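> Copied straight from TrEMBL:
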ACT_SITE  1243  active site, proton acceptor
BINDING   68, 73, 76, 98  [2Fe-2S] cluster 1 binding site
BINDING   138, 141, 173, 175  [2Fe-2S] cluster 2 binding site
BINDING   278, 279, 280, 281, 282, 283, 284, 285, 381, 425, 443  FAD binding site
BINDING   775, 907, 1058  Mo-molybdopterin binding site
BINDING   909  substrate binding site
DOMAIN    250-435  domain 'FAD-binding PCMH-type'
REGION    789-808  region 'Disordered'
């Protein structure tokens, strides 16, 4: 199935008759730069390039991005428009291009981000607003966001906030924290759920005359004019009105796609090809083909058959065509709910509840009702509800029609209750509910939206009229077996019982007996899932009690689902600023508009070069083994394969001794690169990978966990230790001692742009131009120069900046010389992430809450090689004290060696893990002595850290006090509350890493209106550097241009990391500007009334150099580990955050009904408050993911990574943003050390996400206190719904444990 991503991005030609798809494997073309020239019939229109599918025309549109290949991230979102034969209207809907087969686009128009607007012609309001609202940082996800919002506006020019949230629910972003993206979309909404006090003349967010709460001016936005949108192509409209009835056949090498024009033809084809699946949305078959290798030689597409999309109603129920998309089903059901009495729509309401949360909007637009039912996924959201709702399936074949129930036998796939091979599902009949009948649906997933459910349930009860006596009962569960399970036996035994407490207890017991999961059940989490089985029934019990109007002491439990709402809040910055000075103003990202239009060029967007080859990597399938042999014979025989590169083929150095580029003799983890296939196309290279056979001999020991590493004394480096005072004596003198353990899970980078590199050789001087997505071009250059004999390498950093502070782009991208793009699965398998941590603490304190002694020992999982693990251990120890002054301290840390991919640098560099241990200690003490413990133990005056570096905590105290004052004025219902302070050290612990990167700043003398300033810098946030240059030279930023990073012009660069990039690069820019001004000073003095054009022209005529090299030597920094002292960091960033959450103790869901976060950050004098607030919000959201939603990476017992895509690994989504999200930059603070007293804020906000974690822990402690259960429990991060639910121990968790004991 050829993906639309391939069609859009890399060139397609079309003729009037289809002959053959030219892809070498089948009809699925994975995105690549190399154009694929296809021939197809009439049938589509591409607004992105104004391309009709009946004319030959190369597209080469690169705005649509490829990030996951599974439809789970939204980066490749485009809009498809079709003429609906039933309603006879044009239907616009968003889809993920990576899953849409090209062959399915007969009669469709596709609009890409390029077709929406362009910086060269006219911007669309959506593009303008997302850029000017600061909704873009790295920009890789932005085209998908734009297309989701654009499609929404095509259907609803003034959408509701709920519609906005639904439209963006299928799009992921790793940078912004979503708030500014939502703000941009909110400007189109018809109504706003803003401050409720404004009607009384005062807003609760008013901060005073000197505080600015607007980061963009809404009145500058161009209005949305729906009359100016692109029309549906008249040619396609004529085709739709006179549809082609003949069967269309598309032939590939291995796959044939058949699209019949009539229902009769489809039924005949099903007889001829009984094993061929019917494919509409490809949302099930597509991912299965990619991840599991499922293959079907013939595919039948019924998309052109209108009978499968028909909807009919009777007085008894509703019949929906199997071909209707889930989005259409949602609209159909909503229509019936609005028309019918409530008692008849119980099943429809239950289905609607799940349809709002099922996947993302793009998937709901693509997936069909019939496909969802027939897939029979064990985690299905709809099948349990349909099963209890007495749904019937209308089947059709060449022999006639028949109807079967959607019951437990059908869902189990029993042949007697299933479709015959020649049958198709024509429609689905859903009967109305009746009086005294109640239907509910439940689901629990890792995230509210766009996540596969852990457990789903459909429940229905029918009472004898006017009583609470059960006449009929149906319960069905998904996620607790290989298929949807119906608890038929339990239901039968409960008939005739009254709806009361004894019935509830009996029902739970019966359900646990019938719905049983073995200990090794797929997906694990057995106790959690069994607990949800009875918790869901308890919720159903309470809901029905409410419907019956029966009083009960348990009805105070919140039953409603937690709504997904657009976040409210304020971003407060100091507004004292000269009008003509750009520094300190919320100026838009310089590439923002290009991000929004898709015109920003990333590494994979570079046009293909002549004879370009493609590389695919062969990785180890064993965790610790000796390589016996590598058989390349079959791989080399395949067409298009040029070579297979092994370690023996590398003429230079094959990496370091302990960190080989390609494995030699043995492998240390699953995913280690053994060799690399080079072929003419990416598909050929990947097929050759499958034919490469490697024989292994397993070695011992195999170590995966920190605990195993400690047991085997498997460490990567010596212990790091800091100590002050007399810890042992202090422990003898304290009133109380508490000991505990803390577990912090690892974290996947999940940068939207995966690792990719393009190498272009220059034959004349053995040079290589290497385009790579990296934060450290010089490091990549050095590593690459070690491999070949003696080339000169010039590096360009992928044209667009890598995603900020996603340090996975830092060390691990020295892949072999070729065009190489890692799929999401391979990227997650090969590259490491954040180090998991295991910590043990012992804290001694007085009854007053004053801590006298603290001893912490930490171990991190470094993986199979050293990489950055020693540095991470050092930084973890150096930063662990956080904001607390404790006189007697001992910190120890070690990096463990395990047989997992090497973990590496990640935003925060050890600080988020280590400081969580410290805060857990403080929380444990606060549980004994009260909430004032944090403030009592914080630094108060000028002091020295544990490593003897002096600092002034005054900004820290101001942040804390300002946050406390803000909270006093804003009442909130306290369910779970936490406030955390932060002292984050910025920079590297070595002076050489603070020097910059040479900066060339050139003034080109032109005899045109304006001279132009060209700057080549090494840092991503170059828009801040332009503001610096503008202030120094007093030249508008509009007259400046910044070139891409290249080691040819900026040698000896250092990594963009440690939150110092804007600062130290800004100092170098300042230096270059001052050099130029000094040269121009005599000319300016002679002609003070002149213009820049005059001065530059005069300088040129006088032969004065108009270019300068800026340089900054860096901050002094050092650390002596033998003495345990030093000045390792230039300065500190201070902040504080408070979060309030509400937890559903029955499911473990959090950020549920209410959540609020307030952050105060010491930014001193921000260079660009929009950027700084964006960094704070983005890092906070990523930290919230680390501590709550991003479940630890899961490995098989053999060390194979299970979590290899957005389906398995959930980063925060748009519904996870706090409902009220306030960020304030502490006004008027100063630091003379940095450029204009600014501070680097890229990483510090990460830890503040722990305020949500500790708020959840507070809510859990409250629940345990109410149940008379010990409040002390092992702190485990992330606080996933499973961990939260099981920590909220109650009668249901006890039932599960008891049933396990006696089973």
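Glycine too: its Cβ is placed from the backbone N, Cα and C atoms.
I'd like these features described in context: how deep, what's nearby, how far apart.
Other C-beta atoms found within 10 angstroms of the C-beta of residue 76 ([2Fe-2S] cluster 1 binding site) number 30, with every protein chain shown included.
Around residue 173 ([2Fe-2S] cluster 2 binding site), taking its Cβ as the centre, 30 other Cβ atoms fall within 10 Å, counting all chains.
Taking a C-beta cut-off of under 8 angstroms and a sequence separation of 6 or more, residue 1058 (Mo-molybdopterin binding site) has the following same-chain neighbours: 909, 986, 987, 988, 993, 1240, 1243.
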> So which binding-site residues out of 280, 284, 443 end up within 10 angstroms of residue 73 ([2Fe-2S] cluster 1 binding site), measuring C-alpha to C-alpha?
none
> Minimum Cβ neighbour count within 10 Å among the binding-site residues 98, 280: which residue?
280
> Here's one to test understanding: among the binding-site residues 76, 98, 280, 282, whose C-alpha is closest in space to the C-alpha of residue 173 ([2Fe-2S] cluster 2 binding site)?
76
> Do me a favour and check the Cα-Cα span between residue 68 ([2Fe-2S] cluster 1 binding site) and residue 141 ([2Fe-2S] cluster 2 binding site); whole Å is fine.
12
> Average the per-residue pLDDT over the domain 'FAD-binding PCMH-type' (250-435) and send me the rounded value.
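PLDDT averaged over the stretch: 93.
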> Between the binding-site residues 138, 141, 907, which lies closest to residue 280 (FAD binding site), Cα to Cα?
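Given the candidates 138, 141, 907, the nearest one is 141.
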> What whole-number Å value do you get for the CA-CA distance of residue 138 ([2Fe-2S] cluster 2 binding site) and residue 284 (FAD binding site)?
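Counting only the Cα atoms, the answer is 30 Å.
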> Quick check: of the binding-site residues listed here (175, 282, 443), which one has the Cα closest to that of residue 98 ([2Fe-2S] cluster 1 binding site)?
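That would be 282, nearest by Cα distance.
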> Select one residue from 73, 175, 278: among these binding-site residues, choose the one with the most other Cβ atoms within 10 Å of its Cβ.
73
> Which one is it, among the binding-site residues 76, 141, 175, 907, that lies nearest to residue 282 (FAD binding site) by Cα separation?
76
